[in-house]
Amino acid sequence: MTHALLIGNPNCGKTTLFNALTNANQRVGNWPGVTVEKKTGEFLLGEHLIEITDLPGVYSLVANAEGISQDEQIAAQSVIDLEYDCIINVIDACHLERHLYLTSQLFELGKPVVVALNMMDIAEHRGISIDTEKLESLLGCSVIPIQAHKNIGIPALQQSLLHCSQKIKPLKLSLSVAAQQILNDLENQLISKGYKNSFAYYFSRRLAEGDTLIGEKAFTESLLIKLQETEQNLDVLLADARYQKIHEIVTLVQKKHSDASEHFTAKLDKLVLHRFLALPIFFAMMYLMFLFAINIGGAFQDFFDISTETIFVQGSGWLLQQLHAPHWVIALVANGVGKGINTTITFIPVIAAMFFFLSLLETSGYMARAAFVVDKAMRAMGLPGKSFVPMIVGFGCNVPAIMAARTLDSERDRLLTVMMSPFMSCSARLAIYAVFVAAFFPSGGHNVVFSLYLIGILMAVFTGYILRKTTLKGHASPLILELPAYHRPSLRRLLRETSMRLRFFVYRAGKLIIPICVILGGLNAITWGGGISSGEANTDSLLSIMGQWITPLFAPMGIHQDNWPATVGLLTGMLAKEVVVGTLNSLYAQVGHVGEIAAAHFDFWGGIKAAFGSIPANLSELGSALWNPVSASAADSELSQSVYGIMSRRFDGAVGAYAYLLFVLLYIPCVSTMAVIRQEANKRFMWTSIVWSFVVAYATSVVFYQGAKFLDHPQQSMVWILAMSLSLLFVLAVFRYSQYGMGRQNAAANT
């Protein structure tokens, strides 16, 4: 078996190459002692097994104790500690000179190296030609030109791994005699300490470059003290010598012609990164994403809703009635399992549209610029601009967003990002928004969704600002970001990425929603006295009584006693936000007897015909929804016969619905998110996040509802608004003056 390490700069196509080499034969775990994801894969070449370990993307192998992320530390340590046969160094052909810096450090390990020169097609399109044979001769290792995203060059790269036993000699750097003598002395001291010659050579260079995490701590510190006494800036001298040698190589092997794409990128960046226009353009792109998701995706939502309700809810209910099944069985199967399947599948068009647009922004090159644009605004408040990149991931799911914070350099920035990310509206919340938009905001629903996303971002920024002023004081680290050239992503790649994200979401949502719907159906069928209720919903069921007990707590935000299913939805939503819509669908269907009505008037072919007919009908109204949302068509006249109709009667109009959505937006996303906060920070930060999210969710929802209804009951509204304001101030005071501040020294303790 051959074991190869895959390493390269960020955004060099390393993960794409890893997927191309290993296909589905991958395993995901964590590196020992840390929460950084470890990806390994394997493939067979004839009868020879080759295992690949994908290391985090890094620019350098120097692991400084200060300002190093967990990803960088893992990569730097892995090339020393792991047992492997060769290294695959992935290089972006468009940025050859920059990426060869890491290559020069890898050569100093003395291990076999294969250079995978990726993105050759893009380099050619930009007028860059590289003599790979000459580059191979100058480097002294195999150089394989590839196009990982098209699987071009992959077989040649695989074959090269069978013949990579030749050890690589380090590049000859032009150093002064004094500097070379210091390096030789370091090397000799390391050899006398018991290090092998090859590792002594590598360690001496890392120490000279300021690596404080390599080798034994006491011995390393003594060598570093001696280095400081030499009054030689070896780190600067080595870096300068590397760049000089790399420049010589690149001059010999690379020719660059006029690059139309660079001119286009420069011209477009003058607009996109404009001092005054950058932020409006950013908000316009976010607005377009919600416009696309709600209107384009929503045009197909009725098809999935009507067809799955016809098959799984009405169809199963009708079939069980023909078999004379008990009412509680019909409730469990039709309004439990059936409604769960219906709810899960109805998510697909809106979520898929959002994932597609996010992939478009990422692959086109705009997302990196979005982080750059937001950085200035966030740094003005002392917040890390780099944290915006993980927070954007939160639009898909808060869990990977929080885990992505580990790539940040400082502990303070990482913890700030962990605490800010839960307020980003994930795709599960978008599913809830879509349901309420259909029921309460038939005109301009995307404006409602955009406002919720914007409020979430503002609350995340506010949370970060409060923490910066209280428990996480300090200065934001500078943003160092590579801005890729703009390019047109292939439709195939966009669809593949959308499909991968969508499959994960539907699987995760379905396995939670369906069991929850079955449990809720059972609780709604069992009475307080232990009996089984009839097919008609009643207020004596266990679920009804539980909901009615808690509902008065939410009365100030417009949830009245008869709307107890909304309260149950909030409770189940703490497990996962995907469950909220399933809970509401299941309970409102049973409370409103939708199941019995549907089963009694079941028309299979009529339902399927209506499902297909909804697509052209919705698409025909798309123009007015896009260009003039205010005058878009009103809700379907038959809405009152559906779950949407029941919801619209139970909530206090659009005001009550929006207050409910504010609470859904701001309170804890799910138990998975809280568990990841516990893992990435500590238990105290987790409980702080839970308490803070509930306080701001309740206060914001109550203040909005009471403010909107102020003219109806001014005295009552004023009391609630003042009470919520004082409660929020009290919590802020606790953060500010608490004797148990969550200093950085406690953040690393996972207790």
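Residue positions begin at 1 at the first shown residue.
Just so you know, glycine gets a Cβ as well, placed from its N, Cα and C.
The GTP 1 binding site feature in Swiss-Prot is assigned to GLY8, ASN9, PRO10, ASN11, CYS12, GLY13, LYS14, THR15; the stated evidence is sequence analysis. Within 10 Å of the C-beta atom of ASN9 (GTP 1 binding site) sit 22 other C-beta atoms, taking all shown protein chains into account. Secondary structure from DSSP puts ASN9 (GTP 1 binding site) in coil.
Annotation source Swiss-Prot lists GTP 2 binding site at GLY33, VAL34, THR35, VAL36, GLU37, citing sequence analysis.
The DSSP secondary structure for LEU55 (GTP 3 binding site) is coil. For LEU55 (GTP 3 binding site), other Cβ atoms within 10 Å of its Cβ number 24. Summarising the annotation, Swiss-Prot assigns GTP 3 binding site to ASP54, LEU55, PRO56, GLY57 and lists sequence analysis as the type of evidence.
Neighbours of GLN147 (GTP binding site), defined as other CB atoms within 10 A of its CB across all chains, total 22. The GTP binding site annotation in Swiss-Prot covers ASN118, MET119, MET120, ASP121, GLN147, ALA148, HIS149, and the record cites sequence analysis as its basis.
Taken from Swiss-Prot, the feature domain 'FeoB-type G' applies to 1-167.
Here Swiss-Prot flags 276-296 (among others) as transmembrane segment. Non-local neighbours of the transmembrane segment (276-296) in the same chain are 350-351, 353-354, 356-358, 361, 366, 370, 373-374, 377, 430, 434, 437, 445-446, 449-450, 453-454, 622, 625-626; each lies 6+ residues outside the stretch with a CB under 8 Å from one of its CB atoms.
Beyond its flanks by at least six residues, the transmembrane segment (341-361) meets 285, 288-290, 292-294, 296-301, 303-305, 308-309, 312-313, 367, 370, 392, 395-396, 427, 430-431, 434, 489, 493-495, 497-498, 501-502, 505-506, 509-510, 513-514, 517, 578, 581-582, 585-586 of its own chain at Cβ-Cβ distances under 8 Å. Residues annotated as transmembrane segment in Swiss-Prot, with sequence analysis given as evidence: 341-361 (among others).
Residues or ranges marked as transmembrane segment by Swiss-Prot: 385-405 (among others).
Residues of the same chain lying 6 or more positions beyond the ends of the transmembrane segment (422-442) and with a Cβ under 8 Å from any Cβ of it are 293-294, 298, 301, 347, 350-351, 354-355, 391-392, 394-398, 401-402, 448-449, 452-453, 456-457, 459-460, 463, 505, 509, 576-578, 580-581, 584, 632-635, 639, 644-645, 647-648, 651, 653-654, 657-658, 660-661, 664-666, 668-670, 673, 677, 689, 693. What Swiss-Prot records for 422-442 (among others) is transmembrane segment, and it gives sequence analysis as the kind of evidence.
Sequence annotations record features per position, and here Swiss-Prot assigns transmembrane segment to 447-467 (among others) based on sequence analysis. Remote same-chain partners of the transmembrane segment (447-467), defined as residues 6 or more beyond its termini with a Cβ less than 8 Å from a stretch Cβ, comprise 283, 286-287, 290-291, 293-294, 378, 381-383, 387, 391, 395, 415-416, 419-421, 423-425, 429-430, 433-434, 437, 441, 629, 658, 661-662, 665-666, 692, 696, 700, 732, 735.
Summarising the annotation, Swiss-Prot assigns transmembrane segment to 512-532 (among others).
For 657-677 (among others), the entry in Swiss-Prot reads transmembrane segment.
Per Swiss-Prot, the feature transmembrane segment maps to 685-705 (among others). Tertiary proximity for the transmembrane segment (685-705) is limited to same-chain residues at least six positions away from its ends with a CB under 8 Å from its CB atoms, namely 415, 418-419, 422-423, 455, 459, 463, 556-558, 652, 655-656, 658-660, 662-663, 665-668, 674, 677-678, 720-721, 724-725, 727-728, 731, 742, 747.
What Swiss-Prot lists as transmembrane segment is 715-735 (among others).
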Tertiary contacts of the transmembrane segment (657-677) (same chain, 6+ residues out, Cβ under 8 Å): 398-399, 402-403, 418-419, 422-423, 425-426, 428-429, 432-433, 436, 439-441, 448, 452, 455-456, 459, 554, 557-559, 566, 570, 573-577, 580, 647, 651, 685-686, 689-690, 693-694, 696-698, 700-702, 704-705, 708
What residues in the same chain, six or more past the boundaries of the transmembrane segment (715-735), come closer than 8 Å to it by Cβ-Cβ distance? 466-467, 470-471, 556, 691-692, 695-696, 698-699, 702-703, 706-707, 709
Could you check which of the binding-site residues ASN9, GLY13, LYS14, LEU55 is the closest Cα neighbour of GLN147 (GTP binding site)? GLY13
Pick the one among the binding-site residues GLY8, PRO10, GLY13, GLY57 whose Cβ has the fewest other Cβ atoms within 10 Å in this structure. PRO10
For the domain 'FeoB-type G' (1-167), would you mind checking the mean pLDDT of the predicted model? 84
By Cα-Cα distance, the member of binding-site residues PRO56, MET119, ASP121, HIS149 nearest PRO10 (GTP 1 binding site): PRO56
Near-site residues: GTP, ref ASN118, MET119, MET120, ASP121, GLN147, ALA148, HIS149, CB cutoff 8 A to centroid: GLY13, ALA93, ILE122, ILE146, LYS150, ILE152, GLY153
Residues with Cβ closer than 8 Å to the Cβ of ALA148 (GTP binding site), same chain and 6+ apart in sequence? GLY13, THR16, LEU17, ALA20, ALA116, ASN118, MET119, ILE154
A 10 Å Cβ contact count, applied to the binding-site residues ASP54, ASP121: which residue has the minimum? ASP121
Would you work out the biggest C-alpha to C-alpha distance among ASN118, MET119, MET120, ASP121, GLN147, ALA148, HIS149, the residues that bind GTP according to the record, and give it in angstrom as a whole number? 11
